[in-house]
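Per Swiss-Prot, N-acetylproline is recorded for 3. The N6,N6,N6-trimethyllysine annotation in Swiss-Prot covers 14 and rests on sequence analysis. Taken from Swiss-Prot, the feature substrate binding site applies to 123, 173, 177, 295, 327, 379, supported by sequence analysis. Taken from Swiss-Prot, the feature active site, proton acceptor applies to 175, 294. Annotated Mg(2+) binding site per Swiss-Prot: 201, 203, 204, in sequence order. Among the features that Swiss-Prot reports, N6-carboxylysine is placed at 201. Marked as site 'Transition state stabilizer' by Swiss-Prot on the basis of sequence analysis: 334.
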């Protein structure tokens, strides 16, 4: 080796491992309006300082690797690196910290949720220096959100398409979720829609199985929709699940739904993937279809409070990728959902501008700059006695979805739908008259049951049903 080369190597490059915090922990950094900001809940391994753990997250989710490399000198590390700019302890938790990381916008491909997640969470969660890691929230800058189409249509366009205003929409998941023939499935759809529901729904794992192929299901459901519309004078829909093994097959199913003239299709966005979901959302906007999103598999990712990704992040990602509805918990039913946290991500789905509010788990102010909103769907173990609370909690811009709470009615599917519609109309009227749904809800339902035998029967069946378990995910 020549003396010149030896000198250059010794001065400009030093092989080996170095502390991440020397490069990636920058507490004096002033965040930019164009930065993507992330809040991570970090649990370091014993002996790892929180500053080093936060810096490691910033490094491994941006430009860093485990050692200094020659090619570091061929780019501007200062321009492209992620920066851990603030760390704070988590109240009431030992050895847990919130690490705030800023990412330069140039690290991300425009209009790609897939690339965003691959960068931010794709590799760092297996890092040895961390015992556990959870992505609690993201701030999406307006300069990045404007590169996304977002929901195919949004809340106002959906209401205009359906000609339904001033109340939540009502839905029902057809049960049993698996095993029905296409004709019997279509019959259940018709009975529920005829009874007063706005939508019925394929369950998330109804795709194209031997007992009911997708094309047969689509045909019988379309027949049910048109028959119910003719008899009620209302626009009806059924969430036809287009999720498939390939993107090409998924689009083929959406095309067939459009040819049938139905208003809405459905996708399982986490199991199907963000690339497939964005492709379907673009097709739906171009062809006038609404898009219902199911969050199957979400609890695998978001349920543990110290590891994974919080659902508010998955909800933001869905609004960017595209969907007109998404399941969002209930607060009162059988599935997970703590009230303030749930209302926090419901606002992130629906509103244009959401202020930072740590009491609801919102770590950053989020400006969606008129990206269309998403209707939250409440489903899972809910029935007529829950109607006042659901109406108060979720408001008009929501879908309230009763599966067993419709089909479990002792008189059949149509009376179950009637009971839910009567309960909803009674709650909306009482609210509009200034009554307190939280305090007077049960009395409102009892009053309506006096003139609706279907509701009276439903009230009797579900008066003792409760799901009394504490929420796992609390602040």
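Each residue, glycine too, has its Cβ placed from N, Cα and C.
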### Task
Using C-alpha atoms only, work out the spacing between residue 123 (substrate binding site) and residue 204 (Mg(2+) binding site) and round it to an integer in Å.
28
### Task
Would you count the other CB atoms within 10 A of the CB of residue 204 (Mg(2+) binding site), including those on all shown protein chains?
20
### Summary
Record-listed substrate binders 123, 173, 177, 295, 327, 379 have a maximum CA to CA distance, in Å, of 36
## Note on the structure
residue 175 (active site, proton acceptor) to residue 201 (Mg(2+) binding site), Cα to Cα, whole Å, comes out at 10
### Message
Rank the recorded positions 175, 201, 294, 295, 327 by how many other Cβ atoms lie within 10 Å of each Cβ and give me the one with the fewest.
### Response
175
### Task
Quick one: pull the CA-CA distance for residue 294 (active site, proton acceptor) versus residue 327 (substrate binding site), whole Å only.
6
### Query
CB neighbours of residue 203 (Mg(2+) binding site) within 10 A?
19
### Length of the line joining the Cα atoms of residue 201 (Mg(2+) binding site) and residue 173 (substrate binding site), in Å
5
### Message
Can you tell me whether DSSP puts residue 204 (Mg(2+) binding site) in helix, strand or coil?
### Response
coil
### Task
Taking only the Cα atoms, work out how far residue 327 (substrate binding site) lies from residue 203 (Mg(2+) binding site), in Å, as a whole number.
12
